[in-house]
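Peer 1: First the structure, which I've put down as structure tokens, then a few questions once you've had a look.
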Amino acid sequence: MPGLALALTESPFPYAALALASYLRVPVSFDADKSLEHTDASGTKATGLDAVLDALVKGTNVAGASTKSASFIDIARALATPSTPFPEITKAIDTLDDHLAFRTLLAGHELSVADFAVWGAIKSSSKALGVLKSGQHPHISRWITYIDGLASTVDALAQLTDAKYNKARSSTTSASFALGLPGAVHGKVVTRFPPEPSGYLHIGHAKAAMLNYFFGKEMYNGKFIVRFDDTNPTKERDEFEQTILEDLEMLGIRGDVITHTSDWFEKLYEYAVEIIKRGKAYCDDTEQVDMRAQRMDGIASKRRDASIEENLARFAEMTKGTTEGKRWCLRAKISVDDPNKAMRDPVIYRCNDMPHHRTGDKWKVYPIYDFACPIVDALEGVTHALRTNEYHDRNPQYQWMLDALGLRKVEVWDFSRLNFVFTLLSKRKLHWFVDQNLVRGWDDPRFPTVRGVRRRGMTVEAIKQYMLLQGPSQSTVALEWDSIWAINKKVIDPIAPRLWAIAKDKAVKVTVTNGPKSETKTLPLHKKNPDVGTKQTLFSSAILVEQEDALSFEDNEEITLMDWGNAFVRKKSVDASGVITALEMELFLEGDFKKTKKKITWLAQTDFAPVRLLDYDYLITKKSLEENDSLGDFVTPTTEFVVEALTDANVTALKKGDIMQFERKGYYIYDGERDGARDFICIPDGRAASIASKWVTSGATAPSAQKLAGQSWGKGAAAPKKTTAAATTGAPAVAENQFAAATTKMYKVDSVYSTETPPKADTKMYEVKSLYAE
């Protein structure tokens, strides 16, 4: 059968062939048993990327390999080769950026095979993408955004996402789930989700909750417990319990029973006394810093061999919360020098005289999670404790606690922690952003909390699909956000109403010379889904278009006004700075919209509804913070971007939380009305441009090792000053009054020459005065 076949496992992945095939409307199939292969109508086959690209463009209007494009094909090969040294990758990207400085495309005025080859090579190269992350290549970034934005490219990448999802769903995830839980008996499995009520659920918690629920309820038809691990009164509040339950409900997760670790405080205390009596725990007053060093070096505490009577007396003082008691903690007597440092006499009880939000002042001592968790699991009948593999080293400790007290065995089953690039999941660090007023709360759309991503436009269905797609994997990696947002786009695209908006400060008035005075028509909100409903669209001889569109129009060019018809651009008014101030158009409704290159959104001039289009950046500038990194060094200075815009009255029918699309701008979620205007938050769609750092690509440069107050992050740290992209462009300084007398109507272009004085050349040539000297 004619078409393109490729395997999802190919490396580097042939993005160029996929995108080019989609552009040329060649059928694409994903076949696990075939490497890249093209079959034409006559049955002739081509394999290998170069041969496939040549075969695809043969007999089409897309320029194939030529002398003009040969050098770019060579660059594409180098970029796609994993062994190419990083300096060569950087040099290639620099060359492409310079070439595209005054060009739209690589090899001419129309798309060629070179464009697809280089674009695909960059997309498949982590090194090339890493170079582009610096934001120092605006021309190639603009070109990539153009290729990314082609309807055919969007469709191609959507096909790829679908294929990956279906493959994972039918094989990887299903196979992993099919392995099941060790020792599981249908109808008798009991799992639990034990969040600490000290913050809001984040996207990582969602994975833990969904997997525990999936195995406990859906796979084994057993029991699922929601247990609040409320053993630290310093951080916990009733408010967080309620929001966690609401977030779980929103995710479709309900516990058969809701419990608290504090329900078992009395029993846990009894077990603490019992473990002391068995000689398997002792009280210690070693200073925290010294204790940490001793555990690291395998040195026994001087209190390790205290008698049972001494330990019971000291634990009694701890229980009373006396001054003497507060000096002590209770440690499990496991090992001094076990290779697994988690087994080196961990602390299992400590003093805290702060009132507990449920038990009040009753207790002055509280169990550590590592002591309480296995005991309560056993007491509540949990058969399988599913938890992230960051606890893997503590699994032997978990079993030791059960064995030491003669309690029932619980199976511990690990899965990987969910981490995303440029994202913090630490509650402590998220708290800091809230405390520093760098975000507006725990539901801020910049936050990775369940409420934050929901407010950003993430659907519950997308979260579920993505978590099940990840499955019970053991691999711990920092994931890109593209996959989950691409899945989200698949969910919202078929049902999102379509409306239009024009940037307020870029609106251009257009007079349609033969347009109607004013008339309203009922049109579908979604052309492919009539169930979405209808909208009222006003047609008039006075309309608005975007400045960017207006600048692209040629004289007397035939364009298409979407949902109306074709029109000729008959007249343009331009001011001294080159800005289009007005246009005149002539309707040509009998024109064929398929033959026009530009399909334009517009608005009839009427009583506009003001809106704010909000977009957000990552909160940090580094993909993954290291243990010793200071958070203050990596706070993104500008994370909110606002565009004032105009739309029509159709937006008044939207309710807060409704998702829609402003065509040619993107998907948005209505966030409510504020100060007389409606706020719409941009929803990423998974494409590179939608998940790239806006602050970096705006031209701003990160402050060099600039720390917040105190050279660290935390309670005493100060929030960074707000910085605009314009203030941090890092443009080279120009001598005062240089070129001051020049007046021109041309666009301002930065000098391509260095501002430094060139060194005197050592040469036998005749000395020639510089052409540029004064």
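Each residue, glycine too, has its Cβ placed from N, Cα and C.
Checked TrEMBL, it gives:
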DOMAIN    86-145  domain 'Glutathione S-transferase C-terminal'
DOMAIN    188-493  domain 'Glutamyl/glutaminyl-tRNA synthetase class Ib catalytic'
DOMAIN    496-586  domain 'Glutamyl/glutaminyl-tRNA synthetase class Ib anti-codon binding'
DOMAIN    599-671  domain 'tRNA synthetases class I (E and Q) anti-codon binding'
Peer 1: So what's the mean pLDDT when you look at the domain 'Glutamyl/glutaminyl-tRNA synthetase class Ib catalytic' (188-493)?
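Peer 2: A mean pLDDT of 93 is what the model gives the domain 'Glutamyl/glutaminyl-tRNA synthetase class Ib catalytic' (188-493).
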Peer 1: What does the DSSP secondary structure composition of the domain 'Glutathione S-transferase C-terminal' (86-145) look like, as residue counts for helix, strand and coil?
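Peer 2: So the counts come to 44 helix, 1 strand, 15 coil.
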Peer 1: Within the domain 'tRNA synthetases class I (E and Q) anti-codon binding' (599-671), how many residues are helix, strand or coil going by DSSP?
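Peer 2: Once the DSSP states are binned, the domain 'tRNA synthetases class I (E and Q) anti-codon binding' (599-671) shows 9 helix, 32 strand, 32 coil.
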